[in-house]
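Please read the structure below before turning to the comments.
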Amino acid sequence: AEKIKICLQKQVNSSFSLHNVFGGNLYATEEKRMFELVKPKAGASVLNQSTWICFGDSRTDQSNSAFPRSADVSAKTAEKFRSLSGGSLMLSMFGPPGKVDYLYQGCGKHKVFYEGVNWSPHAAIDCYRKNWTDIKLNFQKSIYELASQSHCMSLVNALDKTIPLQATKGVAKNCNNSFLKNPALYTQEVKPLEQICGEENLAFFTLPTQFGTYECKLHLVASCYFIYDSKEVYNKRGCGNYFQVIYDSSGKVVGGLDNRVSPYTGNSGDTPTMQCDMLQLKPGRYSVRSSPRFLLMPERSYCFDMKEKGLVTAVQSIWGKGRKSDYAVDQACLSTPGCMLIQKQKPYIGEADDHHGDQEMRELLSGLDYEARCISQSGWVNETSPFTEEYLLPPKFGRCPLAAKEESIPKIPDGLLIPTSGTDTTVTKPKSRIFGIDDLIIGLFFVAIVEAGIGGYLLGSRKESGGGVTKESAEKGFEKIGNDIQILRSSTNIAIEKLNDRISHDEQAIRDLTLEIENARSEALLGELGIIRALLVGNISIGLQESLWELASEITNRAGDLAVEVSPGCWIIDNNICDQSCQNFIFKFNETAPVPTIPPLDTKIDLQSDPFYWGSSLGLAITTPISLAALVISGIAICRTK
């Protein structure tokens, strides 16, 4: 009889790298970073496709005769817009003669504004004011501010009002022989006698608590009045000083101008200029008092429900060549906390005409077709990696990656994986031992693995008191790290909110502080990943060793009396009794099926956090898929000895 010894033998050479961790070690043919750095895509996107709304004009209007060539967005995104060609929120607020008057209204947690160009210097709107840019800036800023605190908003295009009997609607030559719809101009006929100057105007208007289906907790109202350079300009007929003042129901002044107590400009000019201040007023009844001759009456508002904080994105709205634009939208967004601004880098060049269908703008707005994990002033990200090469500029919302250097991201073994025989001798009760951040806090420790030669693996029975990290303890370690990170981030967020309150007057200080905190969090997260990497390697090592034990047990069971296990992973077999086909059945499973191995280990960790700063939030989806199927047998050779 000829007896031979068949053993499982390691296949490790110089191409393998050794990964030492507490609890178990691995040889691997490759390694990869736990995460790759992501690069934000320029432009706008949204966190949730079901909770956003847009306000636009002809560049987003599906009813435009040149659509889709006239559009800067896809047909899918255009469905989200409340748009009408020629319209803008400010045009609907003031209603200058001959301009589009569209009822803007809608609801959404995230509001995108791509409008404003239709009221610009090219529109040449006069009505007692040659340049409306500063009023437009304040109007857009107020819209963005209130929209960020509301779920729904709507134009209220008809306020209830009471007008004095002696006043009648007036017109102006410099307003196309008409006047604005808001404010409306009312005049009194005054005889050219000093003693007959007319009566003081007393009017009333009511801001509703609801407009249609839209709840109104706060209204944006334009308080407009004339500015005279001198008393003589207004007082040509000897009728005193000019005043136009708005009072609330308690008699408190909330807006307007009173030249009875305030000085005139002192400039030289014969024509007054109209000024409009943006007031945020609660629903209720208000009174307007004005000097004889003229009354400017608020007749419209924008109403906001103020129900929840939300996100606001403003898109630069400018003309193509040959038309003069302003940059009020840009300036308004940049001066509104939390507003994200989308800006072009090149002149507007349209496809349908010079002013509609710009390719760069289409690219910047293409992200509105998708859901992003993070949106920021630097762009949007939909990858799951928690790291980016450059710091993302605020404002930012969602699960935003932190800035990190590529070389600082831990690497994990990949490719062909083979466990070693090394164990962490400092761990005596693996089933009750939990690895976590406390291991680093209590004190640093270093585990030296001393092996003969290049190393390998050990097959055999595992004792309860043996070293190594069990799958159960690794999973508990993951859970503990997750909880530690949650506590750390929650405390950090609370601290940030308090600091924001204390230094809210210094926006740059907030930005600097936030950057420092983000850098610290990035370093902390990289440290956490180092721990997670160690747990992963230990978990995989134990899993592979379990697979080898299962393989050895399966071989012993298949052999029955034909082979005798003389040591872990080695069997003696009688070559005359068990021929090649018999051996193939036992050791190669008839060469018809792969060697049974454990399924891929679940190494997915999902760490969530509370909102970050300025409404933002940070989260991680740490996913390290490691496929172990068929890897164990590919790293093992059948060694025969006689």
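Every residue gets a Cβ built from N, Cα and C, even glycine.
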Selected residue, Swiss-Prot feature N-linked glycosylation site, from candidates Asn118, Asn176: Asn176
Cys276: disulphide-linked cysteine among Cys224, Cys239, Cys303 [source: Swiss-Prot]: Cys224
Per Swiss-Prot, cysteine bonded by disulfide to Cys216 (from Cys107, Cys127, Cys303, Cys333): Cys303
Spatially closest candidate among Asn131, Cys276, Asn539, the listed recorded positions, to Cys197 (disulfide bond) (Cα to Cα): Cys276
Nearest-integer angstrom distance between the alpha carbons (Cα) of Asn131 (N-linked glycosylation site) and Asn382 (N-linked glycosylation site): 42
Using Cα positions only, nearest of the recorded positions to Cys239 (disulfide bond) (Cys216, Cys303, Asn539): Cys303
Nonlocal neighbours by CB distance (under 8 Å) for Asn48 (N-linked glycosylation site), same chain, sequence gap 6 or more: Lys109, His110, Glu371
Where Asn539 (N-linked glycosylation site) sits in the secondary structure, as DSSP reduces it to three classes: helix
Fewest other C-beta atoms within 10 angstroms, as judged across Cys197, Cys216, Cys224, Cys276, Cys303, which are the disulfide-bonded residues: Cys197
Those glycosylation sites listed as Asn382, Asn539, and which of them has the most Cβ atoms within 10 Å of its own Cβ: Asn539
Rounded Cα separation (Å) that holds between Asn176 (N-linked glycosylation site) and Asn382 (N-linked glycosylation site): 51
